[in-house]
Each structure stands twice: as structure tokens, then as C-alpha cells.
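Engineer: Structure in C-alpha cells, see below.
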Amino acid sequence: MAHQTGIHATEELKEFFAKARAGSVRLIKVVIEDEQLVLGASQEPVGRWDQDYDRAVLPLLDAQQPCYLLYRLDSQNAQGFEWLFLAWSPDNSPVRLKMLYAATRATVKKEFGGGHIKDELFGTVKDDLSFAGYQKHLSSCAAPAPLTSAERELQQIRINEVKTEISVESKHQTLQGLAFPLQPEAQRALQQLKQKMVNYIQMKLDLERETIELVHTEPTDVAQLPSRVPRDAARYHFFLYKHTHEGDPLESVVFIYSMPGYKCSIKERMLYSSCKSRLLDSVEQDFHLEIAKKIEIGDGAELTAEFLYDEVHPKQHAFKQAFAKPKGPGGKRGHKRLIRGPGENGDDS
């Protein structure tokens, strides 16, 4: 399988970044095209930064397409002019695009130069990234106040970006709900599974590029399934389980998350665990694959035919009580009385 490279800025965009940092540009729009960061648009300053803001920013916010905007302020620090970083992810854009732009956000800041960025905003509607929205953001930073939905999402994205500094103590706050984007080959494999063109998919996380990539789609039956599970690395597996239940032939998609315990680093274990739920959401919602059973294992040897069948069709442990004679009334009972019939006592009366 040919592994795709991560998303980075083109040479033309890098050159434009260098030119813009000198102060001749007010606004830069960056978009993702053909797995690369490219220049989408730019504008020169007309007036002060606050006068230029809305007329420069708002027309560039597409209702369907995420993007990044870098907006130059008039203030300077030791490295030169200060900039705002605006991440636009409209509600109407496809989920896969949102995930791709969220995962690439840190790369854009790194390519531009994080030391030049004074502040950043995240927006899902235009009001979030308007000049008034920026003023509200500054006010919320200055005083403790409830965060807007956009600010909460930005806060979660910032938390996710810290995932490279993982410790046992920080795992719950840094790794909730990570969404690594599926590489195109992995997406195609899921579509093929939906069409039953393949019956097995194995995926892994690329921790450097922050993506979910396809390992292989080798044809696999139940007997071969245990041998597909690596003993020294975590994996996600999707298996089309063909079997018979109560006389009916069935085909059930089973998701298997294999994690060989402490043979994997803490970082790897936590990233796989955190990305799992968002991956399954995408598989069920975007690819319309119904997952019959979700299984977690530590060793491939667990995947026997009996184990799979019992997981997909759990046994109903109904308690059946044997028939017993009804008990008599509770409490103490008197002595038995012997009632003799006529003539039984020897009398002829």
C-alpha cells in the first residue's frame, strides 16, 4: 500500500507567508486542495485593522467550505506584526471536511510561525468571526464568563493539540473525542465493505500525521481472523462475519479493537482508545455501515468461532425453575389427627 504524505504548505504559500509577515498584506486565506495547503485569497490593508476587519473577513467565509484566515493587526511584537488566526468550520460543511481541517489546524500555524499569532478564533457562523464576535471573545478572555458554543469547540481543539504531551494524569482532559481523519484509501475500503466487495479491513493510526490509514483488506475467514491481529501493535478491524443463526444465513459487520496491553506505549493506548468512538460515529453516519457488535480484545487468540457467535448472539440465560409441590401454610402445625371411619376402631356400633 502506498502511504500518503501529510498535508503541508506548498512552496508558493510559504513564500507568500514570508512576504506577508513583512507587513504588506492585511489578510491571507488558506484552503486545502489536493492534500496541500494553498493560498485561497489575500487582501492589502486599506485603513486601520479594526476598520478593515469586517469588509475583509466576512466575504471570504463560504457557507459550505471550511478555511483558515490569517488577519494582520497593526500592533507588533519582537518578531514583527501580530496576527489573528481564524479557523472557519461552517455547520453545513461535510463532517469529513470538518475533521480534516481540525486535524490540519496546528500545521497551518506552524508553517506560518506561531510566534506571530497573537490570538485565535474559531467560528461555525459568521457572527463568531465578525469584528463584534472578536470583541466578545476579548471580553470573555478578560472576565470569567460562560463560553459560547464556538469557544467551547475551540477550547476542545486546543486540548486535542496537546496530545503529544500525554501523561497518565492528563489523559482524561487531553484525549476526549479526538477525530483523526480517514485517509482516502481507508474511506474507499469502507465503501467496498458496504458493497461487500471486501470482507475484512485493518486500520491503524499514523501518530505523526494524525490520520487513520488503511493497513490491508486481505480476504479473511473466521479461522484466519486470529492471525490478522498484531501481537505488538494496536489496530482497528472491521470484519464481515458470515454465519448461520437459527437456520438463517446472516452477514454481520463486527468491529474489533485490538490492543496488546503494555506492549504499546501509554500514548498509543490512549490515542487509540480516544479515536475509536469518533471513528465508529463516522463509519455509521457517513458510510451507513451498521455495526452489529463492537469488541475489544488483547490477543487474537480470543477470536474463536464460538466467541464471535456468542458476542453477536448473546445467550439468553433464562432461569427455569423445576416444578415443585406447593408448600403448605406456614407457621406451627398441630399434631396429626387420625380420623377413623366407622368400624375401623373395632366397634360394631
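Cβ atoms here come from the backbone N, Cα and C positions, even for glycine.
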Engineer: Which one of Y71, Y262, Y309 gets the tag phosphotyrosine in Swiss-Prot?
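Structural biologist: Record lookup in Swiss-Prot returns phosphotyrosine for Y309.
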Engineer: Would you mind telling me which one of K14, K136, K320 Swiss-Prot calls N6-acetyllysine?
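Structural biologist: When Swiss-Prot is consulted, N6-acetyllysine appears for K14.
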Engineer: Could you tell me the mean pLDDT the prediction assigns to the domain 'ADF-H 1' (4-139)?
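Structural biologist: Result for the domain 'ADF-H 1' (4-139): average pLDDT 91.
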Engineer: Restricting to the chain of Y309 (phosphotyrosine) and a gap of 6 or more, list residues whose Cβ falls under 8 Å of its Cβ, or answer none.
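Structural biologist: In sequence order, H243, H245 meet the Cβ cut-off.
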Engineer: What are the sequence-distant neighbours of K14 (N6-acetyllysine), meaning same chain, six or more residues apart, C-beta distance under 8 angstroms?
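Structural biologist: Result: E111.
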Engineer: Counting by DSSP, what is the helix, strand and coil composition of the domain 'ADF-H 1' (4-139)?
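Structural biologist: Computed counts for the domain 'ADF-H 1' (4-139) are 60 helix, 44 strand, 32 coil.
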